[in-house]
Each structure stands twice: as structure tokens, then as C-alpha cells.
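The annotation ATP binding site is assigned in TrEMBL to GLY110, VAL111, THR112, GLY113, SER114, GLY115, LYS116, THR117. Residues or ranges marked as coiled coil by TrEMBL: 571-640. Summarising the annotation, TrEMBL assigns compositional bias 'Basic residues' to 1-14. Residues or ranges marked as compositional bias 'Basic and acidic residues' by TrEMBL: 689-706, 730-740. Sequence annotations record features per position, and here TrEMBL assigns region 'Disordered' to 1-21, 689-752, 814-844, 857-876.
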Amino acid sequence: MKAARAKTPRRPKKPTNPTLKDPVGVYCRVRPLSRADQECCIEVINDTTVQIHPPEGYRVFRNGEYRETQYSFKEVFGTLVVQKELFDVVAKPLVEDLIRGKNGLLFTYGVTGSGKTHTMTGSPGDGGLLPRCLAMIFNSIGPFQAKRFVFKLDDKNGVDVQSEVEALLERQRREALPVPKTPSGKRQLDPEFADMINVQDHCRVEEVDEDNVYGVFVSYIEIYNNYIYDLLEEAPFESIKPKWNSCNTPVRNGDFVPPQSKILREDQNHNMYVTGCTEVEVKSTEEAFEVFWRGQKKRRIANTQLNRESSRSHSVFIIKLAQAPLDADGDNVLQEKEQITLSQLSLVDLAGSERTNRTKAEGNRLREAGNINQSLMTLRTCIEVLRENQLYGTNKMVPYRDSKLTHLFKNYFDGEGKVRMIVCVNPKAEDYEESLQVMRFAEMTQEVEVARPVDRPLCGLTPGRRLRNQAFREELSRKLELRGGPIGAEPEEPSAAELFFQSFPPLPSCELLDINDDQTLPKLIEALEQRHKMRQMLAEEFSKNVLAFKTMLQEFDSSVASKENYIQGKLAEKEKTITGQRTEMERLEKKIKTLEYKIEILEKTATIYEEDKRNLQQELESKSQKLQRQASDKRRLEARLQGMVTETSLKWEKECERRVAAKQLEMQNKLWVKDEKLKQLKAIVTEPRAERLERPSREREREKPLPRSVSPSPAPSAPAAPLRPRRSRSAGERWVDHRPPGHVPTETLLQPRVPRAITVDAPSEKALARCDRYLLTHQELASDGEIQTKLIKGDVFRTRGGGQAVQFTDIETLKQESPTGRKRRSSPPDPDPAGDAADSEWTDVETRCSVAVEMRAGSALGPGYQHHAQPKRRKP
């Protein structure tokens with residue numbers, strides 16, 4: 001017969017009813033102080049509340065602040081609470097759910113040295129939660145256990161069921177292998193843990209399905225430095241023999257090969273399991289706890305300053321319970337994989353969180369402490385994200401994969417079973433800050449809700465099959481006993497047939513030696529007749545027994561029917577109760593829907609208000625930005641207007657100065673003309689008479705307008721009169737005199753003179769850096785064919801990049817004009833030599849004064865000069 005494989009419990013769908021969620025049950029246990037003179041910082045207020053207050057030294061360090069904080073739990077266990085009371089409240093409901101096919105998770109949490117391992121394992125004479133759970137399981141299912149290897153776990157987190165013949169062959173094969181046998185309950189217990197499992201209360205589950213058969217499997221793993229190790233794995237060479245060195249740390253054998261870490265996998269139902277983990281089938285409490293103790297010796301522990309035997313890893317003891325219903329006859333296991341259920345209970349002893357500045361850990365101990373604290377921090381982060389998702393309706397991803405611890409148990413927080421946590425605290429003052437963090441985490445964990453697992457479906461067979469089969473066997477045994485059958489043993493067909501033939505009289509010898517033998521056949525006939533009579537008597541007796549047995553069966557059926565009627569009545573009452581409860585649940589659901597609708601309306605209203613608030617804030621911000629931009633534009637406009645006003649003021653100041661200077665020069669020129677006329681008049685008056693007669697003619701010639709020359713004189717012979725130098729307003733500044741290489745010298749006496757100048761043919765940064773003013777001499781051909789020279793002036797200033805720049809401010813234009821010929825007065829045919837000399841001298845002065853300097857209005861050098869010092873008319 002092929003083995004039928006059972007499915008692991010499917011993850012229940014997320015219930016639509018929010019009331020089908022249970023919060024994580026958090027309990028607090030306070031361990032007693034090690035010494036009576038130690039300062040205590042934790043006080044039990046009542047059955048559900050503890051109060052924690054800072055110690056004296058902490059108050060002084062915190063400037064005398066004194067703040068007491070109270071934390072509430074589902075139940076608080078003080079220092080005098082025994083292990084049985086803790087087990088009845090916390091672990092017993094999980095064992096009941098385990099037998100009913102539901103999963104459970106129980107873990108202890110706290111700082112190092114707070115009593116977590118003692119709570120889970122116990123001490124000699126006072127067993128902890130783990131041995132009590134094992135004892136309750138086997139006390140409940142003891143008479144209903146299947147034979148060994150009827151249930152067989154596979155390597156994919158499932159279970160197969162085999163027939164009794166296949167299980168027998170499996171047992172014989174295992175016994176023939178040269179491997180160490182699994183512990184047996186009949187062996188003598190190790191005195192090291194014998195007192196821990198000596199539980200006298202005989203606690204058991206009341207309502208156990210007697211029509212099922214059960215099988216218990218245990219496994220034991222540890223999570224060390226975020227790696228998973230199998231504590232039940234056999235060593236390749238020899239078993240682990242812990243040796244202790246001077247530092248009180250375990251030393252492994254040199255020939256021992258350390259075990260390989262295991263991998264977490266996800267089965268087809270999205271449940272997490274450890275692949276390749278050793279799972280041992282156990283049949284008694286003693287056998288199961290011996291397996292646990294064998295793995296406990298391999299667990300990593302070390303001596304620290306806070307705990308002599310500090311756990312350096314998280315240990316997980318997993319109890320799997322496989323159960324399958326009996327067939328309709330109540331004799332064999334039902335070979336249907338849909339009816340097989342596998343549930344598990346995980347008991348976790350977390351390593352304690354610790355601060356390295358207190359433990360003084362170094363090397364491996366420091367790395368172990370870091371990994372322990374990191375895994376506990378990941379657990380806290382997962383709880384925080386779950387709480388936030390449930391309270392605020394967010395959908396953040398829970399970081400289960402950040403740690404092997406949270407990844408292994410993520411199914412429980414997703415609705416795989418009940419979750420219980422025992423917070424162990426040490427009330428001594430030195431652990432105040434660590435205990436405060438533990439209390440905060442525990443209080444936050446209580447707000448996380450876990451979906452309630454669904455109930456196991458019914459198999460559909462008639463209940464009481466095992467009892468009926470047992471009653472039938474007992475009755476058959478009793479009947480056989482009355483007929484001389486074996487007592488205390490089940491009859492077998494060969495022994496009953498043998499007994500039946502022995503009751504007949506023996507047959508005589510049937511051998512005929514003589515033809516005249518008349519005695520053998522009559523004796524045989526007589527013996528056969530006796531046997532025939534005895535057979536008829538047995539047939540009548542058998543018929544009577546059959547009738548009696550039928551009557552008994554009818555009575556039994558009537559009793560069963562009455563019991564079924566009674567049960568049906570009870571079920572009807574239960575159905576009524578359930579109907580009433582469903583009605584109440586529907587009423588509450590309607591009320592919840594009404595409240596949810598109101599909450600939704602309020603949330604929408606709040607959303608609208610929030611949206612209006614955001615819009616108003618955005619509008620306010622936009623208006624504020626607009627006002628800021630307007631203020632900035634106003635400041636820029638004011639600065640621009642101020643610059644324009646300043647520039648216009650400077651411009652008009654320069655224009656006024658230019659006009660005043662031009663007017664002053666005009667007046668000076670007029671005065672100069674008058675002076676010249678006076679000098680000429682004086683010369684006429686003081687001139688000899690002979691010359692005075694010819695004066696009008698010269699005067700007339702002088703009054704005639706002189707034509708301007710188109711081109712300069714090729715070689716002016718008489719020296720020109722010196723031009724009055726003009727004083728610059730920036731006489732103390734240095735100039736850069738830029739004359740291009742193609743500059744043509746004019747060879748006139750009146751040349752522009754630039755004081756304190758550096759003459760260059762091309763501007764350079766070095767020359768510009770040493771000077772303040774810039775002068776560019778530019779020559780071009782005028783419209784009349786003469787050379788026209790422009791003096792372009794500017795200011796030199798520094799730029800932000802460290803260079804030099806020139807800003808042009810003024811332009812002067814120099815023009816050169818020469819007379820067509822020398823002006824000579826008319827003279828008689830026989831001129832006087834003295835007169836010629838005087839006329840020549842006057843003509844030379846006139847020629848020299850014929851050169852004029854012309855410039856733009858507003859020039860710093862003032863207006864130009866013309867012949868007879870008559871100033872030109874210039875446009876303002």
C-alpha cells in the first residue's frame with residue numbers, strides 16, 4: 001500500500017471579520033533578587049501592572065529627576081509565583097490548541113540574567129514550561145498513540161502515513177542498521193534531568209478526539225551569529241564533548257568537524273521550515289526530554305560578567321504533532337492524506353540583550369553580543385511595522401528577512417497560530433535602562449493583533465469508532481474465555497479451530513486387514529455418528545450464541561442510539577447557543593459597520609479639511625512668495641532709479657562744468673582779442689610815419705578773409721606760435737599712451753602732450769595695471785583730404801576676475817589746416833627792404849597762428865583755437 005502524504009496546515013485566509021483577531025499575549029515575570037541588600041527598581045502593583053522607577057544613582061546623574069512609569073500586561077507574575085501557575089496560565093492553552101490541530105509560538109524575552117532559560121527549562125525538582133508541555137501532551141494522547149513509523153516526516157515539511165505492516169518493516173530495518181537507537185522511555189533516566197520531568201500534577205487535555213491516532217516529533221535548533229545549527233545532528237567523528245578552559249568557555253575536540261549551518265525554505269503552503277533538520281519521533285515525556293537534553297549540552301553558552309552561564313544563541317525547540325483518524329471500523333489508520341493534520345508548538349528561549357560596556361565582552365563574545373542585539377532589534381522593527389500597519393492602515397513591508405529569527409516565525413505573525421511572550425525582568429537597579437527598553441517593547445507588542453487560525457475540518461466518520469471496536473474485542477475475548485479460550489489474549493483462528501477439532505472423539509483405526517473383518521466398519525460408523533451428534537449439539541449451541549450475540553448487539557446498538565440521541569440533543573442545545581452567539585455577532589458586526597461608516601465619514605471630512613488646509617497653506621506660500629518677489633522688484637527698481645538719478649546728475653554736472661568752462665574761455669578769448677587790438681593800435685601809434693601811410697592797405701588786406709588751405713604746408717619754414725598748454729583735472733594720474741604701429745607723425749609744433757604716460761603700440765595687462773587712464777591715438781582721412789587725429793580717452797578699472805578693463809569717457813578731434821600761400825601786403829613796384837622784413841615777420845606769425853585745435857564740447861582741455869583766437873561755434 002502506498003503511503004499517503006499529509007499536507008501541512010494551510011495558511012488561513014485573512015478574515016473579513018475584524019473580530020477574528022487576537023492580540024499577542026504578553027506576560028511579565030519578575031525574578032527575585034540575588035541578594036537581599038540589592039537595590040530594587042521594579043515593583044509589582046497588581047496582577048496586571050508593574051511600576052519601574054530609576055535608582056538613586058540614576059536620579060543624581062539625571063539632575064535629580066524622578067519619574068515613575070507603570071506598564072500593563074495581560075498578567076504579571078511576581079517573585080513568589082511557581083512554575084505550575086505560570087504554565088497553567090501561559091502554556092496550557094497552547095498545548096490544548098496543539099492537540100486540536102492549531103499552531104502556537106511561545107518565547108521568553110528579556111535582558112541577560114533575567115531568568116529566561118530557568119522559565120523555559122526549569123531547575124531540578126521544579127520543571128519549567130518545556131517539560132510540563134511534554135508531560136501534558138503525552139498524558140493526553142498516551143493511549144491513542146500510533147506505533148512507531150506509522151507517521152513519517154518528509155524533507156518538505158510534510159508528513160506521510162504508512163500502514164502497520166509498512167511501519168513494522170521500517171522498524172525492523174532501523175533495528176538492523178548500526179546506528180544509535182533513539183532513547184526509550186524504559187531506560188534509566190539521566191539523574192541530571194530526572195527531577196525536572198517528575199511532574200506530579202498529571203495535567204491533561206479534557207476533550208481529546210479518541211478516534212484519532214497521534215505521533216509526536218521533536219527537533220532542536222539554535223540560531224548563532226544569524227546562522228541556524230541543528231543541535232540533534234550527530235557528529236561526523238564523535239559526539240561533542242564539551243571541555244572547559246580557564247576562561248570557562250567550551251573547547252571542542254580537535255578532530256571534531258563543526259556542523260554545517262542549515263537553510264530556511266518555504267513549503268508549498270508558504271510556511272517556513274529548516275531544511276535537513278533532524279526530527280525524532282518520541283513516545284514518552286522521558287524520551288522527548290532526553291532528546292532535548294542531548295541538544296541542550298551542545299548549545300553555546302559562555303561566562304560573562306553579568307551571567308555565569310549566558311546563552312550566546314537563540315534556541316528553538318519544536319514539537320510537531322501528527323494526527324490521522326481511524327477508518328470506519330475503528331481498527332486501522334485512515335489512508336487519506338486530506339484527513340491528516342500536522343500542528344506544531346515552538347518554544348523559543350531568546351538570548352538576552354546586553355550592553356558590551358557592562359559585560360566587557362571582547363573578541364568572539366563581542367561579535368556574539370552584536371549579532372544577538374541585531375536580531376532582537378530586527379524583531380522589534382518587525383513588531384513596530386506590524387503595529388503601524390494595523391493601527392494606521394498602511395501597507396509597509398515587514399522586514400522579516402533581515403534576521404533568521406524573524407524569518408523563521410513570520411508565519412505566526414501572519415495568522416498561523418497563537419503567539420505568547422513572557423517578558424522576564426531582573427528588578428536590580430543595575431539593569432534599569434535595559435529593563436526600561438524591554439518594558440517599552442513589550443507594551444508595544446501587545447498592540448499587535450494576529451489573525452485567529454481556522455478550526456480543523458471534521459472527517460465525516462461516525463464518532464466512537466474506537467470504543468465500539470474495543471467493546472467488540474472485549475466481548476469476543478470474554479466469549480472465548482467462557483468456552484475455554486485464552487484469558488488475557490486475543491483469540492486467533494488457528495487456535496480456535498484446533499480447539500474445535502480436539503473436542504471431537506478420536507476416530508478408530510480404519511485399516512481393513514481381512515475381508516471377513518466386521519468390527520472396523522461398525523466402530524467407524526459409531527464414531528462418525530457420535531461426531532455427527534456432537535456437531536449438531538455444537539451447531540445448536542453456536543446458533544444460541546449467535547442469537548445471544550445478536551441480542552447483545554441490538555442492546556448495544558440501542559444504547560448507542562440513545563447516546564446518539566443524547567448527543568444530538570446536546571448538539572441541538574449547542575447549535576442554539578451558537579445561533580444566539582451568531583445573532584449577537586451579527587448585531588455587533590452591524591454596529592461595527594455603522595461605526596466604521598461613521599469613522600469613514602469622519603476620515604473623509606478630515607481629509608477634506610486637510611486638503612483645504614494644504615490648499616490654503618499653498619496659497620499663503622504663493623502669496624508670500626509673490627510679495628517677496630514684488631518687494632525684491634521694488635528694491636531693484638529703486639536701485640535702478642537711484643542709479644539713473646545719480647548718472648543723470650553726474651551728466652548734468654559735467655555739462656554745466658563744460659558750459660561754464662566754454663563761457664570762461666569765450667570771455668578770455670574776447671579779452672585776448674581786445675588786448676591784441678590794443679597792441680596793434682599801440683603799434684600803429686608808435687610806428688614811424690613812413691610806414692603809417694601804408695598801414696591802411698595792410699589793414700585792408702588783413703580784414704579780407706583768408707582761404708583755408710586744403711592740405712598742410714609741405715615744409716613750414718616759420719615756427720608756429722606756441723599753443724597755451726591746457727591743464728588736466730587728473731594731472732596726478734598715470735596714462736597709457738596707445739599709438740598703433742601705423743601712426744603717421746604730423747610734424748607740427750602743436751602736439752598733444754600727455755604727462756606721466758607709458759607709450760605702447762599694443763595695450764597689455766601689465767601696462768594697464770600700472771595706470772589709471774587710457775589714451776588711444778587714432779588717425780583717419782577727413783572729408784577734405786587732410787589727416788584727422790582723434791584722441792579717445794578712458795578710465796582703467798579692475799574686473800572681478802582679476803583682470804583690467806577700459807571704459808571710454810571722452811573723444812577729442814585734432815585737425816590740421818595750412819594756408820594756400822603767405823599773406824603779403826600790396827606794395828609799390830619798388831618795395832622797401834625794411835618793410836619787407838616787417839611784413840615777412842608778420843606773415844610768419846600769421847602762418848604759425850593758422851593751425852587750429854578742435855575738440856568735442858565738454859573736453860577737459862577746453863575749446864580749440866582758430867586764427868585770431870576766434871573760437872568755433874559748437875553744438876552743446
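Note that Cβ sites are derived from N, Cα and C of the backbone, with glycine treated the same way.
Here the structure is a predicted model, which means the values were calculated and not measured.
Per-residue pLDDT, averaged along the coiled coil (571-640), amounts to 92 for this model.
Cβ-based crowding with a 10 Å cutoff singles out SER114 as the top-ranked of the binding-site residues THR112, SER114, THR117. Each of the binding-site residues GLY110, GLY113, GLY115 was scored by how many other Cβ atoms lie within 10 Å of its Cβ, and the smallest score goes to GLY115. Most Cβ neighbours within 10 Å among the binding-site residues VAL111, LYS116: this distinction goes to LYS116.
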